[in-house]
Structures are given as C-alpha cells and as structure tokens.
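Asks: Relevant sequence annotations retrieved from Swiss-Prot are reproduced here:
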- 71-85: coiled coil (COILED)
- 280-325: coiled coil (COILED)
- 1-21: compositional bias 'Pro residues' (COMPBIAS)
- 345-357: compositional bias 'Polar residues' (COMPBIAS)
- 365-375: compositional bias 'Polar residues' (COMPBIAS)
- 393-405: compositional bias 'Polar residues' (COMPBIAS)
- 153-186: domain 'WW 1' (DOMAIN)
- 212-245: domain 'WW 2' (DOMAIN)
- 75: N6-lactoyllysine (MOD_RES)
- 94: phosphoserine (MOD_RES)
- 95: phosphothreonine (MOD_RES)
- 104: phosphothreonine (MOD_RES)
- 113: phosphoserine (MOD_RES)
- 136: phosphothreonine (MOD_RES)
- 320: phosphoserine (MOD_RES)
- 333: phosphoserine (MOD_RES)
- 347: phosphoserine (MOD_RES)
- 348: phosphoserine (MOD_RES)
- 366: phosphoserine (MOD_RES)
- 369: phosphoserine (MOD_RES)
- 1-47: region 'Disordered' (REGION)
- 76-99: region 'Disordered' (REGION)
- 258-290: region 'Disordered' (REGION)
- 273-469: region 'Transactivation domain' (REGION)
- 345-405: region 'Disordered' (REGION)
C-alpha cells in the first residue's frame, strides 16, 4: 500500500502581510523585524514640512506662532511690577537703591600700562567723591592687589561690617546712614600708598631695594606719577618690567647671600579728612604697614627658594658638562667641592647615605671605563696583543693626559667613589679606549641590517643566526 502523497506547500504571499486584528477589532502593532533587517518608512509630506520650517524662520510674521500669555495676565505678585521703595537705615531693610548712590564705585587699576597712565577727573576720598579741578592734583595711578582684607584689620570710625543671609559682606556707615558693598579699608589703604613728597612710593622702594643690583647697562628711573620704569642703555629701550625678574639673568647671576631688606622710613601721620580717619589712624597705618612688610617678606622667601632650586638644577648639570669638555677650575674649586659633597650626600643613592662610604676594589675586567658604552659580552680581541687591536680609531695622545688630569680631581670631589685609576694609565688606557669604542659598531653587522638576506629561505636554512619563536 503506497503512502498518501502530501500536498505541496503553498508559497508565501507576496508583499507585506496584512496586520493582524485583535479580538476587539483594533489593528495590533506590526511585528518586530527579524534580526539584521531594517524598516524604512517613507513619508510623502517631508518636503512640505521642511519648507514650512524655513518659512517660519524667514517670514516670522506670516508664520503661525502660538500666542504667548501677556505679562499682566500671568500670576505674578504685585512687587514684580513695582520698583522697591527706599527704606530706613537698618540691617533688615538695607538696600543700595536709597541714599547709598552718592558713593559711585571707582575702579582702581591694579596693573599699569603706558597707554593708561591718566586717571579720570574724579577721585575717591574719605569724605566722598571729589570731582572737578580740585581733584586733578590728587589723581594718582594707584597699585592695589585684588585680595580681600582680613577681618582682624579694624574698620574706620563709624563703620560696621555685616553679612547677608547668603554670606556676602557689606558695610554700614553710621555717619551718614548708608550701606555699601565696598570695603572702606581699601580706600584708606589706597590713600596710604599714594606717593607724596614726604614718603614717595614706600612699597615699591622696598620691593626694588630687596631685589639686588640691576644688570649691566640698566638704570632705574621714576615718572612724575611715581611709577618705576627701567632704561636699557644697550639697545636704548625702556620697559615697565624689572630685568632682575628675568629667568635668564637669575641663571647667570649666582646669589651667595640674600640682599638685606631696607626698612622703609616711618610714614608721616596724615591729617584725617572728613572725620573718617579719627584718632586711631596712626595705629591703622602701623597695622597696614606691618601687613605690607609681612607680604613682602613672604614674597622674598618664595623668590629665594626659586633661585635656590635654579641653582641646584644648574649644578646638577655640571657633571655632564664636565665630562663633555668643561673647564677644570669650575669643578676643582674648594667651594664647588664642598657643594658637590652636600649634593651627593642628599642624593637617593643608598650607599652614599649610609654613612660608611662605599669604596670600589681594583677591578681586573673592563667594568670601569672612560666611555659611556656598556659591553654585554667580552670582545673576541680582548686577549690579543696591542698590535692586533689597532682598528684605526685610536684616541689621540693629546686628549688622554687632559682626561687623566681632569677626572681624578672630579672623582675625588665625590664621596664614595674612591676609584683606583692605576689600571687606566699607559697601554691599558689605550687598549680600553680602542676596545670599547667600536663595540657598538661590531654588534650591528651588515647581516642584521640586510633585511632581504635574513628573510630569504636559503639564508634561514643554512646561515640563520636568529631564533624564531
């Protein structure tokens, strides 16, 4: 009995399958595409949408822009539309919109430039703003650092400092019942720094006198406003920058001892103006002068540390310079010998810091040499005679005595390098110099450099000297 024939499978319908319908009658979501396939959706109105976007930008009036709610129709408090009213003088109701507008802020220049030496027509004094012809003689170019004055410095008479809820400081003037954000101590400090006939430029004189002598060909001068500038007579130019702060000059000049700091003359007591500087003005001047001296002392200490680091960096390069052909006097001097001993004692070598100096015994191999090359193996010509080792690169006899006379002095200056140089004299020195110099050239033979011969099949079978992993 023959088995019943199965009907052939029906081919899949061409085109996209119709979406399945849920029992509720709504079309279900289309099935997810199989892995590796992408579904591309084509929209017929894409060009129309892009054109509408361009029209909205090019013609904003004709575009359908949604109407915004006017400000009056929004739920805003009444104080949003009314300016604040000036209140009485108190901490709770302090504002700068009241009578405090009489004190206009003044920008004090911190760094000068040749094009901005003239100040404006008005200047800030202790009693307020003075403008007009009377302010012209008192208009000076002030140098002032942009740092906050510490809280321990006392305020002028009639002033009080308070803080807002956010922690910002403001100042209360009980004399005229005003508040301000500006620190009145800065104005007082700027008045003390104004150069007058009695005390011309005390901080600048202190800074310049403690910096050491000027380089050759330089001269220091001062303008009518008390600004210090420098004249270079070599190329006939002027500069606002101090040439002593140039790192090239600091490297060339060896500072053996710090320059003595000249104490400034005592400031003449100034008469208080407007009742702000009261009877405690002399104490305030002394405190401000003490702060300036402390700042100058800290600046000099940092500068001295920087110069000391530069000096150590230069001296650390002396051994390499001496080996390349430097002079003997700079190394064999007693002062430099003591400094080299100090530097090597402070180095990171455990043998040099242990106290008992490490001394090398006399060596019979080629471990000690005048050359900087290292030999991984004993040369083949080491046991041959001197005549057979003539490679044509012998060291000239004129340079050997200078090396023999220079290196013992330098090696004796370093602790822990008690080297016996007896084996480096005469023929042994010549043998070692001839032997070590061409050792690097022997290692790089022509067979290594010839890539084609190494990669050739016959070369790999017969004369291969490489180990392939």
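Glycine too: its Cβ is placed from the backbone N, Cα and C atoms.
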Asks: For residue 75 (N6-lactoyllysine), list the number of other Cβ atoms lying within 10 Å of its Cβ atom.
Replies: 5
Asks: Counting by DSSP, what is the helix, strand and coil composition of the domain 'WW 2' (212-245)?
Replies: 3 helix, 13 strand, 18 coil
Asks: Could you give the mean pLDDT over the region 'Transactivation domain' (273-469), rounded to a whole number?
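Replies: Averaged over the region 'Transactivation domain' (273-469), per-residue pLDDT gives 59.
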